[in-house]
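Asks: Checked TrEMBL, it gives:
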type	residues	note
DOMAIN	41-287	domain 'G-protein coupled receptors family 1 profile'
TRANSMEM	25-47	transmembrane segment
TRANSMEM	59-78	transmembrane segment
TRANSMEM	98-120	transmembrane segment
TRANSMEM	140-164	transmembrane segment
TRANSMEM	205-225	transmembrane segment
TRANSMEM	237-258	transmembrane segment
TRANSMEM	270-289	transmembrane segment
Amino acid sequence: METENSTVLTDFILLGLTQSQHVQLLVFVLVLGFYLIILPGNFLIILTIRSDPGLTAPLYFFLGNLAFLDASYSFIVAPRMLVDFLSKKKIISYRGCITQLFFLHFLGAGEMFLLVVMAFDRYIAICHPLHYSTIMNARVCYTLLLALWLGGFAHSIVQVALILQLPFCGPNQLDNFFCDVPQVIKLACTDTFVVELLMVSNSGLLTLLCFLGLLASYAVILCRVKGHSSEGKNKALSTCTTHIIIVFLMFGPAIFIYTRPFRAFPADKVVSLFHTVIFPLMNPVIYTLRNQEVKASMKRLLSRHMAC
């Protein structure tokens, strides 16, 4: 479309999760409850790991970063969604939409890569315990952390760069409660077939490969622990089970959203709600509830502060 015949959009209208007032109220209460209960729990996990000298192992270092990533990720969509539930017209600027999309994929990809790093850490700890302290030293941990942040940034900047190349001249209604690639692409006033293929390759294929790689790595770990002692086997099984639960919680919805052509399905908004709001708040909590050392340290921290 020629430039002189098009109008550059300055904002988008979000159609929201649903038009039903009763459903909106129910979701508002649900999300607000999660926010007020579980979000402080994530910060408590970070504080516990940072303040306890006994939780210096790489596993807890990465767990603290997971809690930080999930807490940060939950600020991208949920606060604005809560405000929009109380607004008659849900408007987001073009720049605000691009910013939201950037951080959504930046932190989301960072968390995906962090789960890969955590799987590598468990593989070394269980399959090569004698070399664990040498391989997973502080320098390696910080290098891996830097690598996953850079990987998340590279993934996200590619998404944004592809979106910025598209012309938007109307309509401006996004059929969702936040800005994401599949919905934004549909509003471009040009043929987006090639861009959609690039998006699927960047998000969908990467997500699927990481998911399959993680399942394969944990399958190898579980096979290796068969010959361990009963106590060591039970601890390894507990840790791996927790990681596998998180992998399915995170990658399942992401695969559903990003590994298929960008067509609308009735379940898209519900899956997006759990993917962007509910599951990120739950992930570190699931880790903590199945980790005896962190739970014991958290109880000591709370008891110490209550006694003061």
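Using N, Cα and C of the backbone, Cβ positions are placed for all residues, glycine too.
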Asks: Three or more CB pairs closer than 8 Å, sequence separation of 6 or more: does that hold for the transmembrane segment (237-258) against the transmembrane segment (98-120)?
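Replies: Between the transmembrane segment (237-258) and the transmembrane segment (98-120), contact is present.
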Asks: Can you work out the mean pLDDT of the predicted model over the domain 'G-protein coupled receptors family 1 profile' (41-287)?
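Replies: It averages 86.
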Asks: For the transmembrane segment (140-164), could you work out the same-chain residues 6 or more beyond its ends whose Cβ comes under 8 Å from its Cβ atoms?
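Replies: Distal contacts: 58, 61-62, 65, 98, 101-114, 116-117, 120, 181, 184-185, 195, 198-199, 202-203, 206.
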Asks: Go through the chain and flag residues at least 6 beyond the ends of the transmembrane segment (59-78) whose CB is under 8 A from any CB in it; none is fine as an answer.
Replies: 31, 35, 39, 42-43, 45-46, 49-50, 100, 103-104, 107-108, 110-111, 114-115, 117-118, 121-122, 125, 141, 145, 177-178, 239, 276-277, 280-281, 283-284, 287-288, 291, 293-294
